[in-house]
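So the structure is just underneath, and the comments pick up after that.
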Amino acid sequence: MQLLISSVCMALTSAVIGYAYYQKQQFYPAVVYITKSNASMGVIYIQFFVIVLMFAKLLRKIFLGTLRAAEFEHLLERFWYALTETCLAFTVFRDDFNPRFVALFTVLLFLKSFHWLAEERVDFMERSPVLGWLFHIRVGSLLTMLGILDYVLLMHAYNSTLVRGPTVQLVFGFEYAILLTVIASTAIKYVLHAAEMRTDTPWENKAVFLLYTELVIGLIKVVLYILFVVIMAKIYALPMFVFRPMFFTIRNFRKALNDVIMSRRAIRNMNTLYPDATPEELRQSDNICIICREDMVNHSKKLPCGHIFHTTCLRSWFQRQQTCPTCRLNILRTPAVNSTAMPRAADDAAAAGAAAAPGNAAPAAAGAQPAAAAPVAVAPGGDANQGRGNNPLPPSFAELFGDTNGLPNLAGMMTPPPPVMPMLPPFMMPPQLVYFTPPPLPPPPMPQDLTKFTIEELRAMEGHQREQIEQRLKLLRNINLMLDSAGIMMSQYQSLAASLQLNSVPATTAAAAAAAPASAPSSDVAPGSSAAYDKPSTSAMARAQLEEEAAAHQVNATAAAAVEKVTIEDLGADEDDVPSTATETVSLVSTSEADFDENSSELGELRKRRLKFLEERNKSSTSAE
Amino acid sequence: MAGSALRRLMAEYKQLTLDPPEGIVAGPISEDNFFEWEALIAGPEGTCFEGGVFPARLVFPPDYPLSPPKMKFTCDMFHPNIFADGRVCISILHAPGDDPMGYELSAERWSPVQSVEKILLSVVSMLAEPNDESGANVDAAIMWRERREEFNSIARRLVRKTLGLPQ
């Protein structure tokens, strides 16, 4: 087809020239004849365009090789837009309309097309698996050539404007200035991509550099466009033909600005709110960043929900959305305290939760495989919590915790879910139902390390160094965790007992004494809220029950504290001051458990206070030693 | 080192080749361009699409996996969740934020945790159990709901067509 057109053109041109020469027999009269005849000039013009097109093809072959289908499509699309804009520009400069002017515009369009192609090629660098030397030579020489041409033409336009005042050269000067910025940004991108390709590890800051490049180039372009519009509006008329590109430039600039802001925010959040994942945590998880599917060796962050990702992967995701990619926990709404107060013991449970979450979060996605996936995913947590293995969490569980109180870790590490469940939706569950499906109540996750303390672990805890203090703190946190779970279990016992409407007080108190910490203060602090758990029908009964219990528990509380004290001493915590701490901790924990459902911020506050208290105590004890 | 999108796609391709899920074959159309894949999906057993092999095309954005790919069946399909031109309409392929049908939960949307394998498995389960509330193809949704027999016969005809059998 193209061959046919060009050969027809060739034939026509040679016919015109041959005919003129045959008529006039001499060179000069023949030229005069051709320029005088409109038909002949038309043929010559068409021939000119065909030659330009062939030249373009030749250059393309040299510098770009064959175009990909997408490249060709984009080129064609942009070309037509540019052509219409050029026609619009002609209307402004209708007085200067002459062949030279058309030729200049043709050259401009010609250069523009190569700029677009160079841009596409460089953007494609990141996506192509193999790039040879030929590619680099081609892109390098193309960029250099285009840059030099742009510069020369810009200077020419500038000089001619200075000499002859504002003419159509103003438009060309402006267009080449814009093209220069395009070349600059393409060259920067090329250098960045090429630099990344040379290294074997992913270059983490490349995305940030790219963002800032976009921003700066966008700013320059916007300024250029505005200047041009103002100047043109003053001298000629409002330049309609730049409105479309100007609009897109401004939009891109806004997007770049937005991206930079979001990215900065994400980086700041990550640096301040989330801790780096320790090598130990990485070893415990499967060590693969689920965003890029690559190993996490360094620079990974742990979110409040316990999921670990590459810092850079997280940054680029947070630019779009402030949620955990795995469990969709809104990270901005979650108090940062959780991440620091998170006990180590919870890690494997949280990891198990992480593995289980994809299945829960996207039931549609896992539709075909949930039966197979769920048990496998939960399995890692099985040894930590005996109840977990056969009771995979219902989907709503994680969401409930994640959304309302920002306590996913609590949810993950607490006693097995079955006892928690009847307590969670107390409003929907009539007491009778609880009676018919008595939840299995396994013992709280008992301190496995109590008996299996190795010499190293013991040694790790004595001494005044930072590591030792950390070890002790960690242990205290574990104890804390157990107390928390005991508290939750206690409140379940209580609601169960209330719903069963047991009349014998001793039985209830016995049950309560077994895991006393939570019940006493919880009934002290919030009898109303506990009563509200039950339906109105039973609330009167329950309140009476609770009051009885409250009286009994006041007596029992001290005993419970004593029990706790023994535990803590056995665990090898500091000897001095223990009773007071134990009681303090217990009361704090239980209070927090009582308010647990109502006010998560209060809970956070309490946790903070507790942590501070523990730290202070540790400090004072080490200084005493 | 190539771009992160490319590396992730290569990793997924490797994974899908080494350990392919049942009834699914997928891979790049050409090794030069990892951003366009072709997938073959076997109709799930026990449904009206049983026995069929449906070709589809996946186009990945440059910022994959931050944005979801686009998926389009390249054969004739008649299904409540597939547009007449073959585009697949399931929530896992929609980025959080845009909600073409106005009812999807963000928990079901695209996230970088998803993968080609999960998309294709969701499509298989979508074939087995159409969601007649999201009307990508309203005619198909109504027929599925009200005239199941007719729907099944059209589906069986399409199955024969994809296999190149006389209808």
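Glycine is treated like the rest: Cβ placed from N, Cα and C.
TrEMBL annotations: computationally assigned, not manually curated.
Residues annotated as compositional bias 'Low complexity' in TrEMBL: A:517-532.
Residues or ranges marked as compositional bias 'Polar residues' in TrEMBL: A:580-593.
Taken from TrEMBL, the feature domain 'RING-type' applies to A:289-328.
Summarising the annotation, TrEMBL assigns region 'Disordered' to A:379-400 (among others).
Residues annotated as region 'Disordered' in TrEMBL: A:517-542 (among others).
The annotation region 'Disordered' is assigned in TrEMBL to A:571-606 (among others).
Annotation comment: TrEMBL describes A:42-59 (among others) as transmembrane segment. Listed by sequence, the residues of this chain that lie at least six past the ends of the transmembrane segment (A:42-59) yet keep a Cβ under 8 A from its Cβ atoms are 5-6, 9-10, 12-13, 16, 34, 99, 106, 110, 113-114.
Beyond its flanks by at least six residues, the transmembrane segment (A:101-118) meets 49, 52, 56, 59-60, 63-64, 67, 71, 74-75, 78-79, 82-83, 86, 89-90, 93, 139, 142-143, 146, 149-150, 153, 168, 172, 175-176, 179, 182-183, 186 of its own chain at Cβ-Cβ distances under 8 Å. Annotation comment: TrEMBL describes A:101-118 (among others) as transmembrane segment.
Annotated transmembrane segment per TrEMBL: A:130-153 (among others), in sequence order.
Sequence annotations record features per position, and here TrEMBL assigns transmembrane segment to A:174-195 (among others). Within its own chain, the transmembrane segment (A:174-195) has Cβ neighbours under 8 Å at 108, 111-112, 115, 118-119, 122-123, 125-126, 136, 139-140, 143, 146-147, 150-151, 153-154, 157, 203, 206, 209-210, 213-214, 217, 220-221, 224-225, 228, 245, counting only residues six or more beyond its boundaries.
The transmembrane segment feature in TrEMBL is assigned to A:215-237 (among others).
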Open item on the list: Let me spell it out: take the transmembrane segment (A:215-237), skip the flanking residues so only those 6+ beyond its ends count, and list any with a Cβ under 8 Å from a Cβ in it.
Closed with: 92-93, 166, 170-171, 174, 177-178, 181, 184-185, 245-246, 249-250, 252-253, 256-257, 259-260
Open item on the list: As a test of reading the model: what is the averaged pLDDT for the domain 'RING-type' (A:289-328)?
Closed with: 80
Task: Secondary structure content, the domain 'RING-type' (A:289-328) (per DSSP, counts of residues) - done: 10 helix, 10 strand, 20 coil
